[in-house]
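S.K.: This structure is in structure tokens; I'll ask about it shortly.
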Amino acid sequence: MGSSGLGKAATLDELLCTCIEMFDDNGELDNSYLPRIVLLMHRWYLSSTELAEKLLCMYRNATGESCNEFRLKICYFMRYWILKFPAEFNLDLGLIRMTEEFREVASQLGYEKHVSLIDISSIPSYDWMRRVTQRKKVSKKGKACLLFDHLEPIELAEHLTFLEHKSFRRISFTDYQSYVIHGCLENNPTLERSIALFNGISKWVQLMVLSKPTPQQRAEVITKFINVAKKLLQLKNFNTLMAVVGGLSHSSISRLKETHSHLSSEVTKNWNEMTELVSSNGNYCNYRKAFADCDGFKIPILGVHLKDLIAVHVIFPDWTEENKVNIVKMHQLSVTLSELVSLQNASHHLEPNMDLINLLTLSLDLYHTEDDIYKLSLVLEPRNSKSQPTSPTTPNKPVVPLEWALGVMPKPDPTVINKHIRKLVESVFRNYDHDHDGYISQEDFESIAANFPFLDSFCVLDKDQDGLISKDEMMAYFLRAKSQLHCKMGPGFIHNFQEMTYLKPTFCEHCAGFLWGIIKQGYKCKDCGANCHKQCKDLLVLACRRFARAPSLSSGHGSLPGSPSLPPAQDEVFEFPGVTAGHRDLDSRAITLVTGSSRKISVRLQRATTSQATQTEPVWSEAGWGDSGSHTFPKMKSKFHDKAAKDKGFAKWENEKPRVHAGVDVVDRGTEFELDQDEGEETRQDGEDG
């Protein structure tokens, strides 16, 4: 690292002096990485303004025969900072003021060369980095319809990659730092939006599959998404690859045994390979190897690298001894952060169709809950309790009628829900009301509906039958759907929360934020398995639905999902607590599936069902733990062995629990994130947005 004998700890002044002395009289730097590491990591210890102030004090107070030489090297160090991290000198007003003061002091001392070295007037604007939500520039020319059936996999992969990179490159050093230190997404909207995009892609994949009425058609959609995943891998977009594979591996899709029977062996083989690539086995060793073998433009699986940062932060203290920086920790953190920062600055050669980008952005802004999606899956292919599922990604375990508890949970705040609806309607009209007359034509509506599964027909929204949909009609439509969701909500239930340490990345079921961390990341309901932040547990609007538990693990038949083509191996099964069948007659009971529209699909249930197994919990039994249905990536192995093999776990990115029970409608608990709409600046990678 070129620490020049600093050892494992040093004061900030010692670090700065060492970095300054590494520049020669011509401003050239030797092969040491220390100056870059210090400039990258300094905000872990003090602000950029404070660092510039320290350098200015050293510049002013320089004395002795070599003071002129030392002052020149300080200016070389400042120039190096400006060249390597120009965005800081455009976005940080305190740093800008301090730099101008630095120039004034140098001018007063008669060092005109020094003044020219720290000139920041030519730095381009990085204002796009701090605009979390931007409006798109409405094009008056032509319209493009993102018809999923007609869009080639490479086109879809490229546009998803464009959205992913645009979200990824806005995440700043302080966003990473805030999450690693505080372990939450509070006051971190940029990172939160990146997570929302991942979730939106995963849910959209599931809904596009479930929007098809026949197993053959659903298999065709799965095949297309597998081809999209292959193209994403070619584009080196690992984060979206994980979202797509995760959506296909979700229990709502993996349980569709009739659909899986229509998949070709080649598709299944490709699915196996993609699933293995994102496996968490060996600390994501397959992904890490593939990622390291790539060069140039690539998008990492952000969660994996954030976990690396958290691990270093927990193990090493920031300071050792008195007022000394832990250089070992600083170096370890810089390895990951330096790579993330450099990848954000990498340019791509994508040429997206901005109309498709805008429509795809809206398509990913979904309001369907995990309950909605899983119930729709059951409607399309009802569960057969007498047969083992042929889809190897589907656990099969006994279930129990839900046990209702006492107590009342407050209803969702209508003000918040209405705000979400207004944002959705505004977003639609902002993108499709091209002449700004307050109406959307049937042609524009068909462009929208092609990518929003289960949206009602045009005539349903067009209440006055004038051939146009007004903003009021669309508002009334969604408000009516919302009221139908709430009118039959019935009593809520008090959760029995317990502070938990999670073994896998997990989502808060209230705010959709990550519960990542090392220990005690959040709270889990001992009765229903709901997970949330400490600050969210009193705000959670979700019924507590208990299920009975068997006294031992031996009666459980569930297993973590396997490869899409292989039956579960008996020597690799994680067993979960079994449950006993209830005695209530549910023949007369029914559920009503409320999708994103007001349309309902009623289905009779022979028995209540619970969701699939999850990897959120450890494999051992713990009294009071409920199983939790969630988005998991399948465990898989390429070969079968008679002897027990090492289990392979997979990253879990969503933790909204799908549950089905008799006589209760869906409660919408989705969190709305308004995705970015302005693409104009982002297409110029080397221009004004850097």
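Placed from the backbone N, Cα and C atoms, the Cβ positions cover glycine too.
Annotation source Swiss-Prot lists domain 'N-terminal Ras-GEF' at 3-125, citing sequence analysis. If you look up Swiss-Prot, you'll see 152-383 marked as domain 'Ras-GEF'. The domain 'EF-hand 1' feature in Swiss-Prot is assigned to 420-455. For 458-484, the entry in Swiss-Prot reads domain 'EF-hand 2', with the evidence type sequence analysis. Among the features that Swiss-Prot reports, Ca(2+) 2 binding site is placed at Asp462, Asp464, Asp466, Glu473. Taken from Swiss-Prot, the feature zinc finger applies to 494-544. Taken from Swiss-Prot, the feature region 'Disordered' applies to 667-690.
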S.K.: Cβ distance under 8 Å to Asp464 (Ca(2+) 2 binding site), same chain, sequence separation 6 or more: which residues?
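M.R.: Within the chain, Asp464 (Ca(2+) 2 binding site) has Cβ neighbours under 8 Å at Glu473.
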S.K.: Tally the residues of the domain 'N-terminal Ras-GEF' (3-125) by DSSP class, grouping H, G and I as helix, E and B as strand, and everything else as coil.
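M.R.: Grouping H, G, I as helix and E, B as strand yields 78 helix, 4 strand, 41 coil.
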S.K.: Note the mean pLDDT of the domain 'N-terminal Ras-GEF' (3-125), expressed as a whole number.
M.R.: 88
S.K.: Per residue, counting other C-beta atoms within 10 angstroms of the C-beta, which of the binding-site residues Asp466, Glu473 reaches the highest number?
M.R.: Glu473
